[in-house]
Amino acid sequence: MKSSHPHPTPAALRGLYAITSEAICASGGTLLAAAEEALAGGARLLQYRDKWNSAAVRANHAHTLLGLCHEHGALFIINDDVELALNCGADGVHVGNTDASLATARERLGIHAVIGVSCAGSIERALAAQAGGASYVAFGRFFDSRTKPNAPGAEPSLLNLARPQLQIPICAIGGVTPHNAGDLIARGADMVAAVEGVFGDKDIEAAARHYAQLFQP
């Protein structure tokens, strides 16, 4: 089913964007408990990125995670699987350079869905995504990343250049920690995404809170 939730305002697309890691996806119980902690710590969006489990397991996890997110007033996004997002009623999907196209995702999920697009270090791609109906764009990797060590790099100054040209929210990703996120936010990032920075911490809730506090007035 297509998302029936109202199209999120730009203000809703702001804050910590937690993305699940391979390690926590290996165990359903661990995944759900970890997600609960991240949401309790203040994550405003949760992206379910799971390229390791079966379709049946992923569908089960997605339905449960959707409920957890909405209990905490957060948005639930599926990584690179438009059909799963459609079937579980997720708030949206995130697509990348080699993932399902923005046009296909928008057609399948409808006008109310949140659709994010990975743009690496390309403002041109971000502008094209904006014109194509993206809800937000993601730039990075800005720093060394354990999750995607070989991903193309981007300089923080990219945000200064991109912000005046874009009317949709910007997410910064790639090695973002509570120590370096403040600069990215000051340069124009509306969201900061974290994988290991949240789910790799022994205290996931506290780690999430450290990021979330950066967005408080």
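Note that Cβ sites are derived from N, Cα and C of the backbone, with glycine treated the same way.
The feature domain 'Thiamine phosphate synthase/TenI' is assigned by TrEMBL to 16-197. Feature annotation from TrEMBL assigns 4-amino-2-methyl-5-(diphosphooxymethyl)pyrimidine binding site to GLN47, TYR48, ARG49, ASP50, LYS51, ASN79, SER118, LYS148. Under the heading Mg(2+) binding site, TrEMBL lists ASP80, ASP99.
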Quiz prompt | Length of the line joining the Cα atoms of ASP80 (Mg(2+) binding site) and GLN47 (4-amino-2-methyl-5-(diphosphooxymethyl)pyrimidine binding site), in Å | solution = 10
Exercise. Give the number of CB atoms, excluding that of ASP50 (4-amino-2-methyl-5-(diphosphooxymethyl)pyrimidine binding site) itself, located within 10 Å of its CB.
Key: 24
Quiz item: Using DSSP and three states only, what is LYS51 (4-amino-2-methyl-5-(diphosphooxymethyl)pyrimidine binding site)?
Solution: coil
Quiz item: Along the domain 'Thiamine phosphate synthase/TenI' (16-197), what average pLDDT does this model show?
Solution: 93
